Amino acid sequence: MDSSNCKVIAPLLSQRYRRMVTKDGHSTLQMDGAQRGLAYLRDAWGILMDMRWRWMMLVFSASFVVHWLVFAVLWYVLAEMNGDLELDHDAPPENHTICVKYITSFTAAFSFSLETQLTIGYGTMFPSGDCPSAIALLAIQMLLGLMLEAFITGAFVAKIARPKNRAFSIRFTDTAVVAHMDGKPNLIFQVANTRPSPLTSVRVSAVLYQERENGKLYQTSVDFHLDGISSDECPFFIFPLTYYHSITPSSPLATLLQHENPSHFELVVFLSAMQEGTGEICQRRTSYLPSEIMLHHCFASLLTRGSKGEYQIKMENFDKTVPEFPTPLVSKSPNRTDLDIHINGQSIDNFQISETGLTE
């Protein structure tokens, strides 16, 4: 086979993995050959925040166990150096000062290390005030233990309070549609805030990713607007919002959506919003493939009125689409419209709809 006739296929969007960003916003890209040295380990806080909860719990549990074991070894070494392991602690020699009472084995040393870190008082095992080495080691263990507990507590609070958790309540429609608005085609998707607390300063941006034959990804910005709002952001997000992209000849999607089976691309949508209570920015992402963009469809209605006149949101219709009925763009008269009748793909005749009925 002539290698010059072979196409170079980029591994980023191969036949097996056709999506860069999942529907819930996670990236599927994998870094092969990336070296994780000291520069990576310096960001220990970021590594912890990115960990899954099960790994985070494992790391924290291991940190406590290692801390207890290290100081258990130190307490055992102190008892060995002071000659306390072989003594009768109930009747010690008069000229001998026991540093820690009843540490006669490594098990006892580990128990004392655990007791020092987790309790506010001692039982039968306790350090002697006449042994400076024991007092110094006790102070070091307490200081490092408090630092470890503060770090772990802060990491738990930071992970729970991340704005990322608020973003999970933002929901995009599973599909986007291409429908006509004011006679012009528009790419449309909807987004909903599933929590009663509002979001403010909502911004939406989108990037179109296309794979070229040279193995590179080409990125194009796609602009979306919200109804008739002229500003770049929506000031209040409590009910579902509908975003539109006008498919004009200059639109990057114009040539891609002309056919029923367009070439592969991925449209990644980013929504950023501010939490009203905390002022923190959260971001939600999703992506749409060509198979997830429905031509000549529109979304079902979401807003209804209740018995008392209040607005109600029918979330069961959030992902529901209905076929778009074609509307004539040109009419011969205000009361007369041409209508072509097709049976099995064959044009039969031309009729006109008037106020009095169907005429030939």
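Using N, Cα and C of the backbone, Cβ positions are placed for all residues, glycine too.
The following features are taken from Swiss-Prot:
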- 1-50: topological domain 'Cytoplasmic' (TOPO_DOM)
- 51-77: transmembrane segment (TRANSMEM)
- 78-105: topological domain 'Extracellular' (TOPO_DOM)
- 106-122: intramembrane segment (INTRAMEM)
- 123-131: topological domain 'Extracellular' (TOPO_DOM)
- 132-157: transmembrane segment (TRANSMEM)
- 158-360: topological domain 'Cytoplasmic' (TOPO_DOM)
- Ser201: phosphoserine (MOD_RES)
- Ser287: phosphoserine (MOD_RES)
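When Cβ-Cβ distances below 8 Å are used as the criterion, the transmembrane segment (132-157) is approached by residues 45, 48-49, 56, 60, 63-64, 67, 71, 74-75, 78, 82, 99-100, 113, 116-117 of the same chain, each at least six residues removed from its ends. In this structure, of the modified residues Ser201, Ser287, the smallest number of CB atoms within 10 A of the CB marks Ser201.
Below 8 angstroms of C-beta separation, residues 67-69, 71-73, 75-76, 79, 100, 138, 141-142, 145 of the same chain, each at least six residues beyond the ends of the intramembrane segment (106-122), sit close to that stretch. Tertiary neighbourhood of the topological domain 'Extracellular' (123-131): same-chain residues 82, 97-103, 108, 111-112, 115, 138, selected by CB-CB distance under 8 Å and a gap of 6+ residues from either end.
With respect to their backbone Cα atoms, Ser287 (phosphoserine) and Ser201 (phosphoserine) stand 22 Å from each other. If you look at the topological domain 'Extracellular' (78-105), the same-chain residues 6 or more away from its ends with a CB under 8 A from one of its CBs are 112, 124-128, 130-131, 133-134, 137. The DSSP secondary structure for Ser287 (phosphoserine) is strand. Residue counts for the topological domain 'Extracellular' (123-131) under DSSP (helix as H, G, I; strand as E, B; rest coil) come to 0 helix, 1 strand, 8 coil.
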